[in-house]
Amino acid sequence: MVNAGDMNGSGNLMDFLDEPFPDVGTYEDFHTIDWLREKSRDTDRHRKITSKSKESIWEFIKSLLDAWSGWVVMLLIGLLAGTLAGVIDLAVDWMTDLKEGVCLSAFWYSHEQCCWTSNETTFDDRDKCPQWQKWSELLVNQSEGASAYILNYFLYIIWALCFAFLAVSLVRVFAPYACGSGIPEIKTILSGFIIRGYLGKWTLLIKTVTLVLVVSSGLSLGKEGPLVHVACCCGNFFSSLFSKYSKNEGKRREVLSAAAAAGVSVAFGAPIGGVLFSLEEVSYYFPLKTLWRSFFAALVAAFTLRSINPFGNSRLVLFYVEYHTPWYMAELFPFILLGVFGGLWGTLFIRCNIAWCRRRKTTRLGKYPVLEVIVITAITAIIAYPNPYTRRSTSELISELFNDCGALESSQLCDYINDPNMTRPVDDIPDRPAGPGVYTAMWQLALALVFKIVITIFTFGMKIPSGLFIPSMAVGAMAGRMVGIGVEQLAYHHHDWIIFRNWCRPGADCVTPGLYAMVGAAACLGGVTRMTVSLVVIMFELTGGLEYIVPLMAAAVTSKWVADAFGKEGIYEAHIHLNGYPFLDVKDEFTHRTLATDVMRPRRGEAPLSVLTQDSMTVEDVETLIKETDYNGFPVVVSKDSERLIGFAQRRELILAIKNARQRQDGVVSNSIVYFTEDPPELPPNSPHPLKLRRILNLSPFTVTDHTPMETVVDIFRKLGLRQCLVTRSGRLLGIITKKDVLRHMAQMANQDPESIMFN
C-alpha cells in the first residue's frame, strides 16, 4: 500500500481546489441562499483585505475603495431612481391629458403646463386657454354639445385601449417579470430566494415604459409599488458592477433593501417613510449599516426628484395640504370609524382579489392576459368618463379630496352658500351650509367609491405593472371626504348639541373635511397592506400635515386591528402564498408541539438518506448519485455503517468541482477515489489519482437533535436564514430538514394544502 500523494510527485495537483474556480458559491434559479455561508464568506473576504492593506500603499487604497463602494452604490441608486421617477411623473401627466386633448403651441406640454405658458388665461377659467384644445375642438371645431361629448368620449376610450394594449404586449413579449406590483417578489428575494431576471435590465426598461402607459390609460392602479421594483432593479444593476456585492448574495440583498427605501422615497416624496417601509414591510435582514445606507439612498433619490420638480410646485410632497384648524378630541370617534371602514375594505379586497387571481391561475382565463387587460380597460374607460371624479387621474382626485376649501377654490366640493356679510380673513372661512354643488359632488363621489372598490379587485394582479397604494388611498379619501362633509354639516346645523357645544361655536371654522379624507386614505392603505409606523410617517411626509399625526395613528391602528381580526395576512403576504414562494414570514407564530423527528426526511417507510462517505466513493459513484437524485446537497459521513456526520457538500459545487478536476487535473478518471479528509486515503499501487474535495465541504453544518421542538427549528430557520438543517442523535446522522419541509409542515398545521409550496 502506498500513499497516493507520493505517486509521480503530483501531490500538488490534488489540492488544486485550494484555489477558487469559476461559479463556486453561486446558486441556481429558484433556490434559496445560505445566509450563514454568505456571511462567513464576506467575513473571510474582509479579513483578507484588512491583512493585505498593511502590505503596501496600493493595497491600502484598494481597501479604502472597498469600504466606500457601498456608499457609491447608494449614490448611484438614488440618482437613477430619482431620475426615472421624475421622468415617469412628467410622462404620466402628459399622456393622461393626451386622452382629452392636445397643446397646439407644444404638443409635449400637459394641460396644466400649456395654460401656464398662455397669456390669455384668467384666474376663474385657469383650466381653459386657446392653446389647449380638446379633440372635438381640433377635429370638428366644436367644444360643446352632444356630438362633441360623444367624440371626446370615444377618443378617451380609444387612447386608453391603445396605452393598455401596448403595455401588456411589451410585458408579454420582452419582460414577463415586469407585471404586477413587484413587492411580493421583492420580499421573497430579500428573504434569500433567487429569481433570476426579476431584477434584470430588460425588466427595468420595460417596467419603466409600461408603468407610464398603464397609469396614463386610466386603469385603477398606481405607480408607487412598481417604483419600488424599478428602484430594486437599479440596485441590482449597480451592485453587479462591484465584486463585493455581485459575488455575495447576502451583501447584494443589503443593497436591495436600501434600494426599496429609495423607491418609496421617490414614489411618495417620503425619504424617512421609505426607510421605515423597507424596515417594516419589505426587508428580511436589516443590519444597522443598511439603515444608514438606506437613509442616504432615500435622501439622494428625494433630492434628485426635487431637482427635476415634476409636480411644478417646488415641493417634494405629492399632496401638500395646509389646514387652518386644529382637530378636536370629539373627532376621534369618526376617525376611528374610518379606521374600521379601512380594515373592512382591506379584508374584502384581499379575499376577493385573491379569489379572482386564483381563478385566473386555475382556469382558461389565465391563457388570455391581453384580452383580460383590454376588457378591463374598456369597462374602466366607459364607466369612468361620465363621472368627473373617475375621469381624472387618481393622484389628482386624491389631491382634490385632501384640499381645504379656501376662498379661491373653484371645485364642486367647495360650493358652499356664503354669508354676504362675512368679513373674516381669507384663510379662516367659517363652516357654511352646503350648496347644490356639494350635494352633486357627494352622489358622484358615492358612485365613484363603489366603482373604485369593484374595479380595483379585478385590476390588481393583471399582466401589467400595477400598484395598490394610490387606488387604496383613493377609496379611503372618497369615504373620508363624504364623512367629513357629513360631520361638518352636522356641526353647522346642530352646534348646540353637547358634542359640538364646547368646541364648535356658530361662525367658527370647526371641521376640515380634507383631514377626514387624509385619515380615510391612511386607514384603507393600512387595511390592505397592514403597515402601521411607516404608513403614518409616509402620510404626514406626503401631505406635510405633521400636527395631524394622532388621528392618522388612531386610524392606522384601528384598521390593522379590524383587518387582523379577519386574517393576519396583508395583500403582499397573500400573493406570496398564492404564488407558492418559499417565504418564512417573521410575523407568523408557530405554536404547535411537534418535534424535528416528525418533520425530517426520510420518514418511516421511505428510502434511506442519500449520503456521501468521506473516503470510499469513486467519482463515478458521486456522479451517479447526483444524476439519480435532485437534492441540493448531500451530508458527508465517515462510512455508511457508522453514519457519523463530517459535513455537508452542495450539489452545484460537487458538479463544478468534478467538471473542473476532469479538465485541469491529469489522472482523474471515473474510478478515482473522492475524499473529503485532510490526508488522502491509503490506496493500492497503480490506483488512479484520488480527488480531494475538502475545500467545498461545509465542516460546520447546522444540526439539531431529533427531539428539538419544531417551534425552535422554525425560529432558527427564520433568524439564521438556513437552507437546510441536519438532524442527529449522539453525532449520528438521522435525517435532514429543508426550508421547504418547514413551510410544508407549517401549511399542514394551518390546515392548508402542503403542496401549495410549489418552488423547489
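From the backbone N, Cα and C atoms, a Cβ is placed for every residue, glycine too.
Per TrEMBL, the listed range annotated as transmembrane segment is 332-356 (candidates: 307-331, 332-356). Averaged over the domain 'CBS' (600-664), the predicted model has a pLDDT of 89. Broken down with DSSP, the domain 'CBS' (600-664) shows 24 helix, 17 strand, 24 coil. In terms of DSSP secondary structure, the domain 'CBS' (697-755) contains 24 helix, 19 strand, 16 coil.
Listed by sequence, the residues of this chain that lie at least six past the ends of the transmembrane segment (368-385) yet keep a Cβ under 8 A from its Cβ atoms are 153, 156-157, 160-161, 164-165, 167-169, 172, 217-220, 360, 391, 451, 455, 458-459, 462-464. With a cut-off of 8 Å on Cβ pairs spaced 6 or more residues apart, the transmembrane segment (332-356) and the transmembrane segment (515-540) reach 3 or more such pairs and are scored as touching.
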